[in-house]
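This structure is in structure tokens; I'll ask about it shortly.
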Amino acid sequence: MKELQRQVSDRYKVSPYLVLFLISSIQIGVGVLGFQSNVVNIAGNDSWIAVILAGLLIHILIWIIYKILKYGNGDLITIHYDVFGKWLGGVFSFVWILYFIGIGVVVLRTFLQVVQVWMFSDINMFWVTSVYLILIYYLVSGGFRVVTGVAFLGIVIPSYLILSLIYTLEYTNFNHLLPVWNHSYRDILSASQTMTFSFIGFSALLIFYPYIKEPEKSKVWGHAGNLYSFILYLIIILITIAYFTEGHLVRHYWPTLTMWKTVEMPFVERFEYIGISSWGLIILPNVCLAFWAASRGIRQLFRFSQRKGLILILLLTLGANMFISSHDQLVTFNEYFSQIGFYLITCYLPFLLLMTYFRIGRKKKS
């Protein structure tokens with residue numbers, strides 16, 4: 001039985017600036033391919049306002065997370081133990097472990113659905129999932145520094161895809177953005193809630209915080225990572241609204257892929273195939289970081305090998321991917337998970353901040 005670990009050896013830690021890539025890499029995933037239709041269905045041409053509000057909300061929540069970790073000693077699991085005790089704290093920690101597993105399942109299953117619909121309709125989901133999970137095991141079992149390297153490459157290498165949006169500008173009409181604010185506050189706030197689903201992975205910071213050298217210096221990089229993601233989502237939603245009519249957009253489940261069909265190059269006939277293939281690299285840090293956080297949580301909570309916890313997570317993921325066999329089931333699962341994730345980060349994190357301050361923070365100050 002391993003002891004509850006609060007400190008991490010320096011040889012396992014990463015530089016503070018890499019938090020930028022860790023935060024942005026887990027926020028930029030399959031949501032980029034289809035978030036537009038979900039928010040436009042609620043807030044119409046004002047959806048870009050909802051994206052701004054969601055981005056600002058995440059900045060506030062990142063500030064809350066850093067406050068929690070400043071008052072606490074270690075990661076989320078140790079803070080739960082100190083604030084709520086062994087049993088109640090263990091229950092809260094277990095909920096978060098399931099949450100991180102859910103992030104990985106949603107991202108991987110949604111990506112494989114895109115591959116099945118757009119590229120290979122007869123794909124064998126079991127074998128493709130198995131191959132991907134073997135790759136994930138290889139990367140995550142290499143440790144947090146390897147996962148950080150994957151996050152860095154997952155942002156830098158596919159960044160050329162941003163340039164593909166230039167091809168769509170020929171077909172855009174930015175008058176579609178007018179009139180501004182012609183939807184109710186309730187609609188815009190509801191769209192912001194929907195939009196937060198694309199950002200929720202940032203909460204992995206609660207687990208990997210002890211693996212950062214001089215973690216206090218990583219604050220600015222954490223916010224910079226969220227700012228990068230937020231600006232990317234804002235650019236995409238503005239171009240998407242200008243490209244589609246509102247009625248046309250809500251009928252497309254993956255609008256970004258539809259826009260890629262306009263990209264014409266003399267040596268590429270179907271650019272969306274290149275985009276989807278590149279997205280296989282982009283989602284790697286999503287899944288790896290989520291599963292690393294979950295397996296780290298299992299190691300802390302149940303005190304056994306992190307690799308054994310990872311194997312258990314991968315088996316559960318394989319079973320979940322087989323269970324979610326249709327598009328409708330996937331949509332339903334995403335909707336439920338989105339609701340759970342939203343309330344977990346917007347309600348529980350402020351509550352945990354208050355509890356951590358009163359149980360630990362005030363003692364430190366005195």
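Note: Cβ is positioned from N, Cα and C throughout, glycine not excepted.
Note that the coordinates shown come from a computational prediction; the quantities given were computed from them, not determined experimentally.
Heads up, here are the entries from TrEMBL:
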{"type": "TRANSMEM", "residues": "12-35", "note": "transmembrane segment"}
{"type": "TRANSMEM", "residues": "47-66", "note": "transmembrane segment"}
{"type": "TRANSMEM", "residues": "87-112", "note": "transmembrane segment"}
{"type": "TRANSMEM", "residues": "118-139", "note": "transmembrane segment"}
{"type": "TRANSMEM", "residues": "146-168", "note": "transmembrane segment"}
{"type": "TRANSMEM", "residues": "188-212", "note": "transmembrane segment"}
{"type": "TRANSMEM", "residues": "224-244", "note": "transmembrane segment"}
{"type": "TRANSMEM", "residues": "273-295", "note": "transmembrane segment"}
{"type": "TRANSMEM", "residues": "307-324", "note": "transmembrane segment"}
{"type": "TRANSMEM", "residues": "336-358", "note": "transmembrane segment"}
Is it true that the transmembrane segment (224-244) and the transmembrane segment (47-66) have 3 or more Cβ pairs under 8 Å, skipping pairs fewer than 6 apart in sequence?
yes
Near the transmembrane segment (146-168), which same-chain residues lie under 8 Å Cβ to Cβ, leaving out any that are not at least 6 residues past its ends?
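Residues 14, 18, 21-22, 24-26, 28, 139-140, 232, 235-236, 239, 243, 259-260, 262-264, 271, 275, 278-279, 281-286, 288-289, 292 contact the transmembrane segment (146-168) from elsewhere in the chain.
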Which stretch from 87-112, 118-139, 307-324, 336-358 shares the most C-beta pairs under 8 Å with the transmembrane segment (273-295)?
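By Cβ pairs under 8 Å, 87-112 leads among 87-112, 118-139, 307-324, 336-358.
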Please indicate, using numbers and ranges, the residues of the same chain that are 6 or more beyond the transmembrane segment (118-139) and have a C-beta under 8 Å from a C-beta there.
108, 112, 146-147, 150, 254, 257, 272-273, 276, 284, 287-288, 291, 310-311, 314, 317-318, 321-322, 325
Which of 12-35, 87-112, 188-212, 307-324, 336-358 shares the most C-beta pairs under 8 angstroms with the transmembrane segment (47-66)?
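By Cβ pairs under 8 Å, 188-212 leads among 12-35, 87-112, 188-212, 307-324, 336-358.
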Do at least three C-beta pairs under 8 angstroms join the transmembrane segment (307-324) to the transmembrane segment (12-35), pairs 6 or more apart in sequence?
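The answer is no, given that the two segments have fewer than 3 Cβ pairs within the 8 Å cut-off.
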Short question: which residues 6 or more past the ends of the transmembrane segment (188-212) have a Cβ under 8 Å from it?
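Those are 6-8, 12-16, 19, 22-23, 26-27, 29, 31-32, 35, 38-39, 42-43, 46-47, 49-51, 53-55, 57-58, 61-62, 65, 68-69, 74-77, 96, 99-100, 103, 144, 181, 218, 222, 225-226, 229-230, 233, 286, 289-290, 292-293, 296-297, 334, 337-338, 341-342, 344-346, 349, in sequence order.
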